[in-house]
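Structure, as structure tokens:
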Amino acid sequence: MKHIALLCLLGLLATTSSVVRADYAGVGRSATDAEIRAWDIDVRPDFVGLPAGQGSVSEGEALWSARCASCHGDFGDANHVFTPLIGNTTADDIRTGRVASLKAGGSYRTTFTKVSSISTLWDYINRAMPWDRPKSLSPNEVYAALAYLLHLADIVPADFVLSDKTMANVQARLPNRNGMTQEHGLWKVGGKADTRAKPCMQDCLHGDVVITSALPDHARGSHGDLAKQNRSFGAVRGVELAMGAETASPATAPVATGLGTKRTGPDVTPMLSSNGCLGCHAIDAKLLGPSFKDVAAKYADRKDATAYLASKIRGGSSGVWGVVPMPPFAQLPDETMKAITEWIAGGAAQ
Amino acid sequence: MDSSARTIVQKAPEGFLGPELIVSIQKGGIDPDRRRLIRGAFSAALGAMAGSAMGATGNPSDGDAEILNLPPWSTLLGKPVVFKPYGDPSIYETSLARRQSPGLTSVAQASVSFAPLQGLFGIITPSGLHFERHHQGWVDVDPSRHRLMINGLVGRPRVYTMDDLMRLPSVSRIHFIECGANSAMEWANVAVPTVQYTHGMISCSEFTGVPLSVLLDDAKIDRSRAKFVLAEGADGSSMTRTIPMERALDDAFVAYGMNGEMLRPENGYPLRLVVPGVQGVSWVKWLRRIEVGDQPYGAKDEVAHYVDLMPDGRLRQYTSIQEAKSVITTPSGGQKLVGQGFCNVTGLAWSGRGTIKRVDVSFDGGRNWKAARLESPQLPKALTRFNCDWTWDGSPCLLQSRAMDDTGFVQPSYRMLREVRGTRSIYHNNAIQTWRVDRSGEVSNVQL
């Protein structure tokens, strides 16, 4: 009983960083060293957490072409999947540690224009890249990939070897290493605000009210038919915008609706969804991969369409629709594969 | 104002068969039950036509057909219990949905979907409409295989299962979560048409979970050296964010519950961090690890993104707090008033530093203001709903709302905010929103 009372008390005080401590008997256990090693992968700006290892620019180049270039481009400057990693930094920036284009404006903010700590990129590539196969790189591969990126950014020469020993040298040449500040009022709850508006109630403006910006007429339909994004009853209606064929664009169509009902054969929606296909494909819009309608149209006349599609899905595909490849889905059960390929070959009806 | 000034048009009797009946027929074909319903619907429709034949205007002279003729739902036996074991909204509620903003991102797993603020009520966001922001797609984590580890500057590193966490003392609190990039597209000029896209990266829920301070105490943190914690996710991105110790020991908690149910997978099922008042990216989803340390960690989303570019070319790092902000949700951009006369103006206000104390509404672009009614509850770091009476006389107006919190902070105008931060900051845009109402009653997004 006493124990329970203490727990309740702690519950009450829990948010006030109370020093009262209950012994949560039987709850949780100690982590083992092996467990901590397996999960504690972060690398700090002072390089705490950085594993020993190394990788050269040339090793990185090979790895980059095989595992990274499809999304980021051969030179890290592509923007079809994500904003460019490389570009808009100069030799002068490397000298001063401030990227001048950030102040001047007008040019693209690439990763290297912003990053102030090299550990950040090592840590991130190690935990999250390649995007479709995160945590598949060895430490040496992470060093190599980063070495190649640094070379693309003109920070290190072609014969450079990046390692736990040379990371600090690279830090001293990062183009925007001095370009950040943590002096502002938005870090702490009690921080000082940088605007100080007054709650004036009457005659608060001098001069006329001027509209400085409004949506141009040609952009009115940019987000679809707004009538369909509001209820058809209540205090207001959505503005009706006559939409062309793009009305059904999945960008503004509800994100998670089913694929509809006019269809024969089994409902493939759950299969496409649970196997992750809908992350890269939509029925009638291009995402990372082609729309299923476009795939259906391309192979409409092909007699062995289902077999062809199955081999492509099973083994992966590249070069048919663009620069981004599709990873292999070898583990897809046969009946799922059959249902999906027959559905595509049959026209990918909604 | 007389009723002839109303612009709303009387609705013609809808199709004979309601959408619910049509769907049910499409699904199940025609059986005796449905045949009876169709017969009922036809005679109702015939009745409506007979009614309209009586009046020259097409309106039944003796009243509204919806009243004179009983609708099908008044004349049939409804569906049984547990017809839907985990219920859905009405079939008529299809227009309010999460939506993406075209062209904002190139791939849908590193993207955003916006909550439809234009039609939500009160302060709680329905869990299925909660905004989404993923960096590497979302995953559905098996709760029986999920673990939370606490390590770093602690006396005893810990591992907890969901069983463990759900046995510990729990708290339930209502808080908003706003993406630091909410309203990002509007920094320099008007870019998107509706409040869903200008402000829809905010949601508010009741979260339930274990105070982080309980877990840190249980792991025996080294209080003299511990200055920061790192939170890390279990998904492919293993998203990391640094939280200062004072936040971690204050009101932060690890949540498993959301609005009475478990978290939705898109929101981090089965465990996410809740850091009240702080931008959403710090509320790490699928939370697997908390590391205690003495320095910030410089994660990708602290150094390459979620950095605010100032006019002098410097990037502010660790801008975390969501300052006071408000927006009118009805009437708002892309909507049209149904007619002149009375119209309740409603909206949302919030502050990451505390509780909303006051919201003022202007109908003339900020020259004169009028205090709005704050609905209850008014909670710290939660959405607060405000309402304001308004009679629209058909003339053009410029609607604005302005929030003030219990620190005395007043939401700034665009002009004031840009004077300090320029227009390229991307994050933390809390400027006053203006909606223009034109003579036709159409509302659009403008900046002054």
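Glycine is no exception: its Cβ is also placed from the backbone N, Cα and C atoms.
If you look up TrEMBL, you'll see A:C277, A:H281, A:M326 marked as heme c binding site. Look at A:M326 (heme c binding site): DSSP puts it in a strand.
Broken down with DSSP, the domain 'Cytochrome c' (A:55-153) shows 55 helix, 2 strand, 42 coil. Feature annotation from TrEMBL assigns domain 'Cytochrome c' to A:55-153 (among others).
TrEMBL lists A:260-348 (among others) with the feature domain 'Cytochrome c'. In the domain 'Cytochrome c' (A:260-348), helix, strand and coil residues by DSSP number 40 helix, 4 strand, 45 coil.
Residues or ranges marked as signal peptide by TrEMBL: A:1-22.
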Which residues in the same chain, at least 6 apart in sequence, have a Cβ under 8 Å from the Cβ of A:C277 (heme c binding site)? A:M271, A:I340
Near A:M326 (heme c binding site), how many other Cβ atoms are within 10 Å of its Cβ? 21
